[in-house]
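Student: This is the structure I want to talk about, given as structure tokens.
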């Protein structure tokens with residue numbers, strides 16, 4: 001469980017290192033020139049020495065897998081800067097035992113962590129900035145004489161167990177080619193070709209007056225394995241070296257084994273039924289034709305000339321039954337001549353019953369003349385016909401009669417009032 005976590009940390013350190021390298025190149029204007037590391041002086045000397053000790057190969061590093069016997073100066077002089085494509089091992093590229101950029105970065109990361117754990121009081125901002133620069137950017141080897149012997153021993157002491165720790169998953173014989181192939185997969189995600197060429201160019205000595213610009217390193221929190229897996233999948237991963245890989249349980253011993261079966265051929269042959277015998281001898285009567293089925297239905301007319309009746313009914317064949325010859329005649333009846341009354345009622349046919357000679361007389365009712373008011377108001381109502389002769393005028397007539405009654409002709413309002421009263425009384429039946 002410790003190895004996958006260490007590989008994820010190195011991949012993150014690679015990404016941060018290339019980001020810082022691009023920032024330094026943009027600030028110092030060194031995009032077209034090879035990578036240069038500023039000189040370390042002042043209070044930053046222990047950190048620079050530690051970084052030099054980390055990157056300087058010594059005699060004790062011969063036991064480490066990826067260490068060259070020559071000095072880095074000789075390596076830079078003898079070998080020109082070449083671009084090595086990703087996914088190739090050191091033996092295929094023809095470099096020999098020269099450590100590549102990814103192995104140096106991985107070694108720097110592990111050494112820096114172990115040194116920081118072993119030492120106390122190394123938590124200042126300058127040490128963090130310088131540790132980040134040595135971890136990510138300074139991958140160029142320096143001569144052996146630059147580092148003090150005391151620090152060289154500590155760097156080698158910390159580097160040997162980090163480099164020679166055997167992996168429990170890979171055999172010891174095939175650890176270094178597999179590691180170089182795996183480390184080559186953790187190249188820069190942006191430009192995979194340029195960091196290799198920069199790491200193999202010799203560093204030029206920088207003037208001591210120029211001080212490196214301190215860059216604050218922001219440590220990102222550790223990412224989850226799912227995010228790192230998604231980020232690692234986007235980078236071009238070379239094909240792993242499967243020649244020296246051994247399975248855990250020996251499942252590759254029968255790798256070329258081909259399982260049996262699968263060679264069954266289904267052949268369709270016609271069945272030979274010539275010699276087949278029936279189970280119960282049913283072929284003995286195979287040509288038997290069952291009887292029946294040959295009945296012909298013939299339609300012939302029935303001869304009824306010689307047919308005799310059952311009970312001698314032909315003797316009365318011409319017999320006509322009686323009845324049915326009744327004729328309904330319509331004759332006009334003469335009642336006057338032939339009809340007589342039952343009880344002699346025609347004797348009194350001219351009799352006129354008594355009564356019925358009364359006359360209904362129609363008399364005109366003189367109700368208005370005889371009408372009187374219910375309440376006696378002391379005046380007599382005299383009614384006269386409204387027809388008045390032309391020679392007489394209303395003024396000529398007296399308004400009051402001799403008896404003192406009011407004349408209805410002179411006052412039309414009283415006349416209308418009397419008419420209304422008489423009409424209402426007539427309706428009431430008085």
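Positions of Cβ are set from backbone N, Cα and C atoms, glycine also.
Take a look at what Swiss-Prot says about it:
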type	residues	note
REGION	1-245	region 'Disordered'
COMPBIAS	48-58	compositional bias 'Polar residues'
MOD_RES	142	phosphothreonine
COMPBIAS	161-203	compositional bias 'Low complexity'
MOD_RES	191	phosphoserine
MOD_RES	194	phosphothreonine
MOD_RES	201	phosphothreonine
MOD_RES	220	phosphothreonine
MOD_RES	248	N6-methyllysine
CROSSLNK	248	ubiquitin cross-link
CROSSLNK	256	ubiquitin cross-link
DISULFID	280-311	disulfide bond
CROSSLNK	287	ubiquitin cross-link
REPEAT	295-325	repeat 'Tau/MAP 3'
MOD_RES	300	N6-acetyllysine
MOD_RES	300	N6,N6-dimethyllysine
CROSSLNK	300	ubiquitin cross-link
CROSSLNK	306	ubiquitin cross-link
CROSSLNK	310	ubiquitin cross-link
CROSSLNK	320	ubiquitin cross-link
REPEAT	326-357	repeat 'Tau/MAP 4'
CROSSLNK	332	ubiquitin cross-link
CROSSLNK	336	ubiquitin cross-link
MOD_RES	338	omega-N-methylarginine
CROSSLNK	358	ubiquitin cross-link
CROSSLNK	364	ubiquitin cross-link
CROSSLNK	374	ubiquitin cross-link
REGION	387-406	region 'Disordered'
COMPBIAS	390-406	compositional bias 'Polar residues'
MOD_RES	393	phosphoserine
MOD_RES	398	phosphoserine
MOD_RES	405	phosphoserine
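A description of the local structural setting of each listed feature is requested, covering burial, neighbours and distances.
Tutor: Annotation note: residue 248 (N6-methyllysine) sits in a coil segment as assigned by DSSP.
Residue 248 (N6-methyllysine) counts 7 other C-beta atoms within 10 Å of its own C-beta, drawing on all protein chains shown.
According to DSSP, residue 256 (ubiquitin cross-link) sits in a coil region rather than a helix or strand.
In this chain, none of the residues that are 6 or more apart from residue 311 (disulfide bond) has a CB less than 8 Å from its CB. Following the DSSP three-state reduction, the secondary structure of residue 311 (disulfide bond) is coil.
Just so you know, the Cβ of residue 287 (ubiquitin cross-link) picks up 6 other Cβ atoms within 10 Å once every protein chain is counted.
Here the repeat 'Tau/MAP 3' (295-325) returns a mean pLDDT of 81 for the predicted model.
In the three-state DSSP scheme, residue 300 (N6-acetyllysine) is classed as coil.
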Student: Determine, from DSSP, whether residue 338 (omega-N-methylarginine) sits in helix, strand or coil.
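Tutor: Residue 338 (omega-N-methylarginine) sits in a helix per DSSP.
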Student: Between the recorded positions 300, 320, whose Cβ has more other Cβ atoms within 10 Å than any of the rest?
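Tutor: Of the recorded positions 300, 320, the most buried by Cβ count within 10 Å is 320.
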Student: Among 248, 280, 306, 310, these being the recorded positions, pick the one whose CA is nearest to that of residue 364 (ubiquitin cross-link).
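Tutor: Comparing Cα positions, the candidate nearest residue 364 (ubiquitin cross-link) turns out to be 310.
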Student: Could you round the CA separation between residue 336 (ubiquitin cross-link) and residue 358 (ubiquitin cross-link) to a whole angstrom and send it over?
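Tutor: Between the alpha carbons of residue 336 (ubiquitin cross-link) and residue 358 (ubiquitin cross-link) there are 34 Å.
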Student: Which of the recorded positions 248, 256, 320, 332, 374 has its Cα nearest to the Cα of residue 310 (ubiquitin cross-link)?
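Tutor: Its closest listed neighbour, by Cα, is 320.
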